[in-house]
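A.B. asks: My questions all concern the structure below.
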């Protein structure tokens with residue numbers, strides 16, 4: 001440091017030794033080297049003591065583990081054992097010993113230290129046997145078929161009513177409990193902009209139901225997955241570039257699930273929808289009408305159905321319906337965000353599943369009637 005008059009004094013040479021006071025009888029100090037050496041010896045003794053003590057402890061533990069009691073064979077009977085999330089190797093060993101799956105926690109823990117398969121044990125409930133060897137117990141725990149769980153698969157485009165039916169048929173969850181949870185949108189994490197309507201927010205994929213999961217937990221997981229996909233695809237910032245809200249993107253995607261038969265058709269059909277909206281043309285989509293009619297398996301509609309005043313009827317109302325008509329998957333969402341470039345205003349699917357696109361209504365009608373017969377196609 002530096003300063004004013006009271007700053008650091010610069011030394012210009014070695015300081016002169018101060019003379020002893022007359023008559024002082026000061027005892028000579030031992031050399032510094034000896035003092036330092038003594039400290040080193042003490043430190044070494046301390047370290048040695050710690051090492052010896054640690055060795056004794058480790059040896060005792062290893063001796064104890066080496067002689068751990070263990071059953072032999074694959075066991076008898078059945079027992080359900082739950083491994084909680086975050087359980088360590090010793091935690092699992094204690095759970096198994098407590099339920100008499102293994103004879104001692106030490107037997108399983110010792111095996112887990114030497115067998116890399118122990119790292120594959122997942123949280124969940126398993127069906128094991130009583131009095132198994134540690135080896136047999138570990139073999140079961142890493143076998144996916146031993147895990148007790150129900151599963152269900154929601155296909156792309158599935159609607160809420162269909163999803164409730166799928167879940168209740170494949171799990172122990174009751175339809176009335178699922179419907180009650182759906183009637184309380186806040187408890188399943190439905191976003192405010194969904195306006196309490198879960199349609200389109202129960203993401204289509206395969207789900208596993210663990211023991212203890214209730215209707216709210218399962219439905220919350222499905223909503224959460226939809227929101228995750230929306231975030232991963234950056235719908236929030238990409239939708240405005242199309243003049244749409246995030247929910248409108250999901251609505252378009254849900255329509256694509258019904259109007260398109262193949263993933264490769266989605267982007268072109270999305271362009272048809274956007275072109276018609278830009279030109280102020282009604283979408284005239286049978287898929288939205290069949291949603292109101294609760295038709296299953298097809299999107300063909302009758303004249304009476306197309307006269308329905310529902311806001312979902314795109315024959316009667318311009319623009320998109322007020323919300324999704326099913327649960328869109330990632331492919332249809334991507335297509336809604338990335339429509340193909342083209343002037344098309346009309347399309348129809350042929351009998352073999354291919355799709356014909358046209359800009360001119362007359363050409364569209366001729367192509368469609370050539371495929372399905374006179375009077376079968378409109379605008």
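Every residue, even glycine, has its Cβ placed from backbone N, Cα and C.
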A.B. asks: Region 'Disordered' per TrEMBL sits at which of 1-33, 34-66?
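C.D. replies: It is 1-33 that TrEMBL annotates as region 'Disordered'.
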A.B. asks: Would you mind checking how many other C-beta atoms are within 10 angstroms of the C-beta on residue 259 (site 'Important for catalytic activity')?
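C.D. replies: There are 24 of them.
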